[in-house]
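Beneath this line is the structure, given in structure tokens, with notes to follow.
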């Protein structure tokens, strides 16, 4: 846990799907003693609720209502929605696609950003998503834009799906098409599009191991945030 007697620190990790944000952010948070915040999981939780309620993702008013009413709690490696553990339920292609669609709705984004800021203003965090360094915490102490080439991102995401469902419910070709569409939607949406913050460090993880990426980011944190802390 972060030491509340010291200045809280925000490490923002942005990037497209499949770049390795979640894996890296979890490991980094553990090493730093910070709280890990998966903002994408928050959007997924709202998308799951919408699917269960039969609410069309295009119904902006209803989606905004759901986002504002959703009781989302994040724990170590878990997420609950209205008191129910939905950690596994949100990790399906259908929910992932829905999350990307509702992520372009301004009212939904406002509700999620408010929840994310409230967490980050309480304690030190490693927060990953698509607009953390540009919108949620533009004054983050450390900003990383984590990327990988499209083929590698598809391969990683497909392997992730296969570990949960074998045979997977989607082919690798279908996943590639969905991810390409999502990349386009995320980078061209009018409200908080996926973009590298001007002061973010760009890191291509295509040919790097998890340990190598973690160490590279940890080195950046050490150089920018001393604050009497020992980031070993």
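Including glycine, each Cβ sits where the backbone N, Cα and C put it.
Given the structure is predicted, the values throughout are model-derived calculations rather than measurements.
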Given ranges 135-163, 164-192, the stretch to which Swiss-Prot attaches the annotation region 'Disordered': 164-192
For the region 'Disordered' (164-192), distant same-chain residues with Cβ under 8 A (at least six beyond the ends): 16-18, 88, 91-93, 96-97, 100-101, 103-106, 109, 130-131, 134-135, 150, 153-155, 157-158
Helix, strand and coil counts within the region 'Disordered' (164-192) (DSSP): 18 helix, 0 strand, 11 coil
Helix, strand or coil at residue 19 (ATP binding site) [DSSP, three-state]: coil
